[in-house]
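Enquirer: Here it is, the structure, as structure tokens.
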Amino acid sequence: MFCVQCEQTIRTPAGNGCSYAQGMCGKTAETSDLQDLLIAALQGLSAWAVKAREYGIINHDVDSFAPRAFFSTLTNVNFDSPRIVGYAREAIALREALKAQCLAVEANARVDNPMADLQLVSDDLGELQRQAAEFTPNKDKAAIGENILGLRLLCLYGLKGAAAYMEHAHVLGQYDNDIYAQYHKIMAWLGTWPADMNALLECSMEIGQMNFKVMSILDAGETSKYGHPTPTQVNVKATAGKCILISGHDLKDLYNLLEQTEGTGVNVYTHGEMLPAHGYPELRKFKHLVGNYGSGWQNQQVEFARFPGPIVMTSNCIIDPTVGAYDDRIWTRSIVGWPGVRHLDGEDFSAVIAQAQQMAGFPYSEIPHLITVGFGRQTLLGAADTLIDLVSREKLRHIFLLGGCDGARGERHYFTDFATSVPDDCLILTLACGKYRFNKLEFGDIEGLPRLVDAGQCNDAYSAIILAVTLAEKLGCGVNDLPLSLVLSWFEQKAIVILLTLLSLGVKNIVTGPTAPGFLTPDLLAVLNEKFGLRSITTVEEDMKQLLSA
């Protein structure tokens, strides 16, 4: 086992990365190794997808499957070894079908890629795990060095984050052939084990630029189906009655659940990155979408144990449900998996609803505590002139984008302390689950404009980017000249690709934490600092002083 993709990876003087019987996330060595094997199979599939496009062959089954299966290897998504192997077998079957299509056009069609003809050696998980050793990401570290390995992983993990957003967009009916062609090209190239530093750096920026387009179609998918988010108050306390909790990012799953629970007497609560769903008109119209439950994903083993109803996980993040003994009432959807947990293959939630009706639910309603969400792209752009006016009248000094992933490290209290230290004449724009560090606190307003503005999920960084570009255009300056600072927390691969997106767009002087990614060496961090001004957090006092004086 070798896995260094998330923030909680093991760090030792001898090197970084989980490499024992189990990773810090709870992923076993078996599952981790089989995910490496799956990625190799997906690289071979992409190699043939690139070749097929040369012949004008576009296989939509391949295009929809490839990023979805890649998403299953993202942190805290799928811990179920047999399902990972199932994805690998499906990848090979699709590859062979695509290969046959190519051979029908040109009898001598071939692909020069080491993954292009990969076959699984056995049905036995142990033998497959041994085969997977051939594809462990650090197998040639001694030959290429830590810097090249780090750049490879930056590209691989960044592309994995983009694949997750591609799947979210695809679920909502969004498809862009250029994006999929670019995805396959990059995925296939990474399967050749590239070792050119400049080429890898260029690839990381290409992934960031591609992801900006992915976030654009994801935004289009969400807003075309569910309307543009508008500011909405959400209750974060319990309402009496039977209940279901839904977590993850998949708004379509939430919509289907709301439709199927309407009139049943079962209330629905959002958790984690589902919180922004309350801002969408076509979702909040359901009166039994009664509120948001819990805090950051890392607290789920305590909070889910206390929730008196079933739980549905639609995407990341799931962690071991046996710890809180709620594994008999947590359900996985789509690419999510945990051994022994019931999985919903389709969009029928009747079994979940039946379980909710058999459980007690909340016995009484707590005193409501309301927070505000729903500052989506359209709302943010509508406030651009107000922001400019406040800045020109010196009522608004600075905007801090304070967002990203949450996690378990104690150092993450930095982000709470930072938020509460932001001066009263400054605004906090937040997104993703890092907001749970401070989103239930009171920040007041500046002439009626809330000082805490929740822009949505991690992918809604797109809205923040569009706002920044709009403000810069209106003020006749560059984005880096705005009174705007980005202080981002990271945990997994979606955060990595958001960072690559921002860097590829030329955004500089981003501050990140709580730690640097374990796969980035001091040399690589120095390169990123020199090229983009990217740096790690220090103390709240020092960072605040520096950012306000920039």
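For all residues, glycine too, the Cβ spot is worked out from N, Cα and C.
Owing to the predicted nature of the structure, the values given are computational and were not obtained by experimental measurement.
Annotation comment: Swiss-Prot describes CYS3, CYS6, CYS18, CYS25 as [2Fe-2S] cluster binding site. The hybrid [4Fe-2O-2S] cluster binding site annotation in Swiss-Prot covers HIS249, GLU273, CYS317, CYS405, CYS433, CYS458, GLU492, LYS494. Taken from Swiss-Prot, the feature cysteine persulfide covers CYS405, and the record attributes it to sequence analysis.
Buried or exposed, and what's around them? Tell me for each listed feature.
Expert: Taking a C-beta cut-off of under 8 Å and a sequence gap of six or more, CYS3 ([2Fe-2S] cluster binding site) has these contacts in its own chain: THR9, GLY17, CYS18, SER19, GLY23, LYS27, SER32. According to its DSSP assignment, CYS3 ([2Fe-2S] cluster binding site) is in a strand.
According to DSSP, CYS433 (hybrid [4Fe-2O-2S] cluster binding site) sits within a helical segment.
Under the three-state DSSP scheme, CYS405 (hybrid [4Fe-2O-2S] cluster binding site) falls in the coil class. Summarising the environment of CYS405 (hybrid [4Fe-2O-2S] cluster binding site), the number of other Cβ atoms within 10 Å of its Cβ, over all protein chains shown, is 27.
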Enquirer: Where does LYS494 (hybrid [4Fe-2O-2S] cluster binding site) sit by DSSP, helix, strand or coil?
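Expert: SS state of LYS494 (hybrid [4Fe-2O-2S] cluster binding site) = helix.
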Enquirer: For CYS6 ([2Fe-2S] cluster binding site), identify the closest of the binding-site residues CYS317, CYS405, GLU492, judging by Cα separation.
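Expert: Nearest by Cα distance to CYS6 ([2Fe-2S] cluster binding site): GLU492.
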Enquirer: Excluding HIS249, GLU273, CYS317, CYS405, CYS433, CYS458, GLU492, LYS494 themselves, which residues in that chain have a Cβ inside 8 Å of the centre of the Cβ atoms defining the hybrid [4Fe-2O-2S] cluster site?
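Expert: Neighbours found: GLY272, TRP297, ASN316, ALA432, GLN457, PHE491, ALA495.
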Enquirer: Once the DSSP letters are reduced so that anything not helix or strand counts as coil, what is CYS458 (hybrid [4Fe-2O-2S] cluster binding site)?
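Expert: Reduced to three states, the DSSP call for CYS458 (hybrid [4Fe-2O-2S] cluster binding site) is helix.
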Enquirer: Taking the center of the Cβ atoms of CYS3, CYS6, CYS18, CYS25 at the recorded [2Fe-2S] cluster site, which other residues in this chain have a Cβ no more than 8 Å from that point?
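Expert: Same chain, not in CYS3, CYS6, CYS18, CYS25, Cβ within 8 Å: VAL4, GLN5, GLN8, THR9, GLY17, GLY23, MET24, LYS27, SER32, THR75.
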Enquirer: Rounded to a whole angstrom, what is the C-alpha distance between CYS405 (hybrid [4Fe-2O-2S] cluster binding site) and CYS25 ([2Fe-2S] cluster binding site)?
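Expert: One finds 15 Å between the Cα atoms of these residues.
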